[in-house]
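Trainee: Here it is: the structure, laid out below.
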Amino acid sequence: MASSSSTLVLSTLFSSHPHQTLNPNKNKSPFSSHTKRPFSSLTLKVSTFVKPKQPPPFHIPHNHQIRLSRQFRAYITVRDGADDGGGGDGDGNEQPVVGEDSAEFILSKQKISSWVYFTAILGSVLFILNVAWIDNSTGFGKPFVDAVSELSDSKEVVMLILILIFAIFHSGLASLRDTGEKLIGERAYRVLFAGTSLPLAVSTVVYFINHRYDGVQLWELKNAFGVHEFVWLSNFISFLFLYPSTFNLLEVAAVDKPKMHLWETGIMRITRHPQLVGQVIWCLAHTIWIGNSVAVAASVGLIGHHLFGAWNGDRRLAVRHGEAFEVVKRRTSIVPFAAILDGRQKLPKDYYKEFIRLPYLSITALTLGAYFAHPLMQAASFRLHW
């Protein structure tokens, strides 16, 4: 590793600018006509271009290499035509990763202070949310739900209106993210986004819990053989798909500066929009279990919102990441496993290791905990009388 710094930088520079030379003496250029090797295979030393008494260009230590990021090297590979966006490099090798490694969690890079801030922020947000929205004696949650409920006597219509209001603010603020971040900064805009979306999401969830059995019963399958097990397993799987939207919790809480990530590994290899897939699985499972018109209305609204979110998300990523996103888009799919089956996505041999990471293990534990906490969540919702 010690001898490769200038080598890789200089060969990269000449690959990008084949008509450039660092040697002012053109007659003694190391790329004279008798040199037949391609630029990418040349091994160049700083001493070839710089006299020993002169400092190396870019202040590169003598005989050292610069290590380019995997994403940049992959982008150069794809840009130069070594990868066609579909099955590796043509020789059976793995595809170079252009996007980011999702769910990566390196313990040595974590700061205790960051997680202390995260805990303090989370506690503060929950306290403010309770006082300003959830608590019926001080918050605006109940008046908001009551106002929406006055628009129709139909629980199905009210359910759809609540989802529509949430979708307008959630997707609307997401669409305005680039402009908003330029005006007030990334962290401030994340606070605005979360502060608007979270209360509306809580209202929608609480209303669904409280009125999920108020609709017209369309079927009754709770006692059918295997239905409980199927619904439980489906819900469990759905949360493994839903979680990737919050791969970096420190950014969600604005402890770290929020970024618009281009994830590519892990669950993203299965589907480019795991939150959409997870929501569809969750909705189907709950609709099968409950079997009435309110559940159907909730599922239609939520799936419709996530379909729009998938389209809007692709649009925003294309604007932010350009060609890199187009490469990821070509080698992934919205329908789970579609890109893998048609050969556009080539899984690494150790693909399973991309799931053996703390974020996935944490969401597994939280999903199990949420299942056993269902009675507590239902009781808390009933006490609100929304």
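Cβ atoms here come from the backbone N, Cα and C positions, even for glycine.
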Trainee: Match it up for me: which of 317-335, 355-373 does TrEMBL list as transmembrane segment?
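Mentor: Per TrEMBL, the stretch marked transmembrane segment is 355-373.
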Trainee: Using a Cβ distance cut-off of under 8 Å, indicate which of 115-134, 188-210, 355-373 has the most pairs with the transmembrane segment (230-255).
Mentor: 355-373
Trainee: Can you give me the average pLDDT across the domain 'NnrU' (158-377), rounded to a whole number?
Mentor: 93
Trainee: Is the transmembrane segment (115-134) packed against any residues at least 6 beyond its ends, judged by a Cβ distance under 8 Å, and which are they?
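Mentor: Long-range Cβ neighbours of the transmembrane segment (115-134): 140-141, 194, 198-199, 202-203, 249-250, 253-255, 384.
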